[in-house]
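The structure under discussion appears below in the form of structure tokens.
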């Protein structure tokens, strides 16, 4: 992967939340990036028609306008740490801080927001990185829910750390049952 674009990104975090669901099933189309960490349970993710089995410790990274279908497959509730973000801070895009709905009709997705469109969307974190991710995510969520001075900068830095954890642990060539298949 050509990594030169990584030096220019300036993420803007739109939302951060923890979702728990016993019977997760649905189809989504988001107009920003979605970073999803699976803290508990297992689920099938169909991303652009490709099936991925995600389990505890996995991170999925979805680019804008990536259709995704999710269906839980475990007996325990699926717990997800989810945040939505733009790769580049843009006043026009942040003026409408929505993560779905008619927002796309008002604001086109600019090509630079699709820098991650060709990446392998699944990464599996090792235990120390899982602990770090949860710690940093909780800080991001706190800043998002209860904004303090510098919230945009703080969440930007945390988003960059989360992207680093995703890429550091990514291994798309690893052969095991969770590998993508059609």
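From the backbone N, Cα and C atoms, a Cβ is placed for every residue, glycine too.
Nobody curates TrEMBL annotations by hand; they come from automatic prediction.
What TrEMBL annotates here:
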type     : residues : note
DOMAIN   : 36-137   : domain 'AraC-type arabinose-binding/dimerisation'
TRANSMEM : 144-167  : transmembrane segment
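Beyond its flanks by at least six residues, the transmembrane segment (144-167) meets 9-13, 15-16, 35, 59, 61, 83, 85, 89, 123, 125, 129, 132-133, 136-137 of its own chain at Cβ-Cβ distances under 8 Å.
When the domain 'AraC-type arabinose-binding/dimerisation' (36-137) is classified with DSSP, helix, strand and coil residues number 23 helix, 40 strand, 39 coil.
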